[in-house]
Amino acid sequence: MDAACSTQLIDGDGVFNVSGVDHFIKEVKLDECGLSYAVVSIMGPQSSGKSTLLNHLFGTNFREMDAFRGRSQTTKGIWIARCAGIEPCTVVMDLEGTDGRERGEDDTAFEKQSALFALAVSDIVLINMWCHDIGREQAANKPLLKTVFQVMMRLFSPRKTTLMFVIRDKTRTPLENLEPVLREDIQKIWDSVPKPQAHKETPLSDFFNVEVVALSSYEEKEEQFKEQVYNLRQRFFQSVAPGGLAGDRRGVVPANAFAFSAKQMWQVIKDNKDLDLPAHKVMVATVRCEEIANEKFSSFIANENWRELEEAVQSGPVSGFGRKLSSILQASLSEYDTEATYFEESVRSSKRQQLQEKLLQLVQPTFQDVLGHLRAGALENFKNAFEKALDAGEGFSSSAKSCAQSCISKFDKGCEEAVIEQAKWDTSKTREKLERDIEAHISSVRTAKLAELTTLYESKLNVALSGPVEALLDGANDETWPAIRKLLRREGELAVYGLSNALSGFEMDEETRSKMLADLENYARGIVETKAKEEAGRAMMRMKDRFATIFSHDSDSMPRVWTGKEDIRAITKMARSASLKLLSVMAVIRLDDELDNIEKTLTLALFNSTGNNATSKSISTIDSLASSTWEKVAPEKTLITPVQCKSLWRQFKNETEYTVTQAISAQEANRRNNNWLPPPWAILALVVLGFNEFMTLLRNPLWLLVLFVGYLVSKALWVQLNISGEFQNGVLPGLLSLSTKFIPTVMNLLKKLAEEGQAPPTNSNQSMNSTAQSEVTTNGESSSSSSSGSSPAKNVPIDTSA
């Protein structure tokens with residue numbers, strides 16, 4: 001393989017060989033050299049032996065002129081090759097010769113363009129000239145030097161280029177004598193070249209380092225020529241070191257940008273524009289650094305480690321996220337630094353910053369996802385820890401504070417692990433969001449817990465007050481409301497004390513705490529008021545129950561039997577008085593221990609003013625009930641208005657009137673059932689009309705004995721048959737019942753008499769006593785049976801539901 005890799009850089013028509021240059025750089029591995037490379041070019045008249053010199057000096061294989069075929073143009077355009085065996089890497093450019101007949105005298109454009117290109121690209125420019133031209137006014141090298149100096153004015157280069165004049169076919173004149181003459185000629189040419197105003201007085205030494213070497217004739221003294229070339233070759237080793245031939249490196253572009261830089265320079269030169277090398281260097285650095293940055297960005301996106309990390313973050317927090325991502329980012333930035341290290345520092349740094357910003361912009365959503373996972377995890381941990389702390393019985397505020405501090409501390413630690421070295425991202429907003437979420441959860445839990453506590457103590461108050469208040473109102477009397485007030489005060493204090501102790505762990509402000517306790521007290525009061533309103537709605541039923549209880553039961557709570565001895569008027573008055581007492585108790589709410597005259601007003605208006613003969617005073621009192629409010633009672637405390645009381649009392653009297661009437665009827669019926677004597681007129685008639693029969697009995701006492709025996713038998717049958725009891729159920733049922741019992745009873749009685757008659761005479765007295773005792777016993781049994789049988793007749797049913 002050709003080690004020099006000779007390649008045409010620019011053809012004779014001025015076309016830049018892009019693919020050829022890329023192939024050349026790849027073959028000679030120029031892009032790996034960084035800034036450690038040098039470019040040497042050679043100028044000179046056509047057929048002056050430039051290619052021959054380069055081939056011997058640098059080991060290249062440029063095409064040389066065949067002298068046997070005549071002198072003609074050999075090199076067309078610009079060729080490039082690598083020097084063999086010289087370090088650092090040295091690239092040689094062989095330029096088309098000047099003053100060639102092929103282009104003619106007027107076609108000097110390519111000469112100037114190639115000269116300008118060589119000066120812009122090269123560190124060292126060899127100017128090949130004949131020894132016999134030194135000192136001549138019309139020498140062949142003067143147009144070349146004028147061209148070099150003229151184009152130099154268009155470069156604006158910050159560095160000095162080494163111009164090495166190679167004197168060919170040296171004569172016997174010593175070099176020490178030739179060099180001053182050559183330098184003088186060079187200075188004259190420099191002075192004659194038009195310059196910009198800024199460089200009118202600028203010496204040649206500010207632009208060029210001038211070196212002069214002489215070589216013997218290759219054709220006449222080949223061995224001496226080769227020896228001199230070998231010695232010259234040694235000067236190109238380490239040429240880029242300080243003090244070397246190419247020691248000024250200020251305008252050098254990195255080797256990996258050489259092809260792009262050369263192409264852009266040639267394009268500017270062809271467009272006949274001034275070539276500002278510093279600006280060109282910046283441009284090259286900008287383009288190449290941009291390309292490198294884009295490559296590294298694409299490489300980062302395709303990085304397997306980054307993809308795995310990004311995918312892992314989607315499912316949850318990743319341990320060591322910041323460290324892993326920082327390592328991947330640093331690797332990409334380090335690769336950029338390695339490839340862009342030789343470019344303009346300001347451009348390199350700027351593009352590096354842009355690359356870093358793009359990379360950070362790419363990874364920031366993933367970083368935010370990590371923060372989101374950390375925040376969600378911290379919030380969930382807080383909720384669990386907070387719930388466990390509350391279940392363990394710890395104070396609400398202390399639990400909330402300790403759990404919040406612990407979870408936020410863990411979140412901060414997670415953020416520290418997630419933050420990457422290359423970015424100074426602020427996690428405070430996420431932290432603030434977490435704090436707000438925690439505070440919102442604490443607030444919601446506090447609200448729920450306070451609601452639970454309130455509900456708990458309200459339910460306790462419901463249980464403690466509802467039943468007892470209902471029972472107290474059911475037995476309404478003068479002590480009802482004092483007992484209710486006492487109950488309300490006791491249960492309210494217990495509930496407030498319990499709630500106050502429960503609230504101590506919440507660290508509430510005093511105003512809120514006092515309001516909650518006051519609300520609980522009001523709730524307890526509301527329970528009593530609500531229950532009182534419910535009972536007031538059932539006032540009529542309660543009054544009728546009270547009336548029925550007192551009217552139908554005696555002082556021993558035994559059912560009352562209307563035997564005819566009871567004072568129904570007094571009992572009715574007592575029962576209605578008790579019902580009126582109940583109405584007065586239920587008329588208003590008395591939780592503030594305030595005095596009122598409701599009972600007195602109702603008594604005067606409703607109880608004492610009965611009948612149609614009411615006095616004018618009573619009428620005035622009744623009129624006082626024609627109002628919707630009670631005197632000295634707030635409307636909100638009124639349960640039953642005076643007008644409603646009047647209406648209720650009227651309805652009450654109407655519905656209880658039937659019960660009283662039933663009692664009176666039962667009493668009258670009982671009296672009739674217990675009175676067996678005929679009316680007085682019947683007794684008088686019996687005396688008048690039965691006088692003769694009575695006298696007959698007196699005249700014949702035997703009839704008295706018969707009547708007495710008949711009386712005893714009748715009495716025994718009366719008792720045995722329970723005639724009065726049977727007829728209490730009705731005449732027809734009584735007759736049917738007696739008809740079935742009569743014969744067995746008579747037979748039983750006769751049997752007993754027969755047994756008495758068969759008794760021994762000695763026991764006559766005993767028999768008489770036994771008979772009397774049996775009669776008494778029979779009477780007692782009959783009486784008892786009569787009593788039990790007559791009981792239903794005496795107990796007249798009372799309709800209390802009316």
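Keep in mind that glycine also has a Cβ here, set from the backbone N, Cα and C atoms.
Residues or ranges marked as GTP binding site by Swiss-Prot: GLY44, PRO45, GLN46, SER47, SER48, GLY49, LYS50, SER51. The coiled coil annotation in Swiss-Prot covers 214-235, 429-449, and the record cites sequence analysis as its basis. The compositional bias 'Polar residues' feature in Swiss-Prot is assigned to 760-781. Residues or ranges marked as compositional bias 'Low complexity' by Swiss-Prot: 782-791. For 34-249, the entry in Swiss-Prot reads domain 'GB1/RHD3-type G', with the evidence type sequence analysis. Summarising the annotation, Swiss-Prot assigns region 'Disordered' to 757-802. Taken from Swiss-Prot, the feature topological domain 'Cytoplasmic' covers 1-677, 723-802, and the record attributes it to sequence analysis. Residues or ranges marked as transmembrane segment by Swiss-Prot on the basis of sequence analysis: 678-698, 702-722.
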Among SER47, SER48, SER51 [binding-site residues], residue with fewest other Cβ within 10 Å: SER47
Conformational class of PRO45 (GTP binding site) under the three-state DSSP mapping: strand
Average model confidence [pLDDT] within the topological domain 'Cytoplasmic' (1-677): 84
Count of other CB atoms lying within 10 Å of the CB belonging to GLN46 (GTP binding site): 20
Candidates GLY44, PRO45: member of the binding-site residues with the richest Cβ shell (10 Å): GLY44
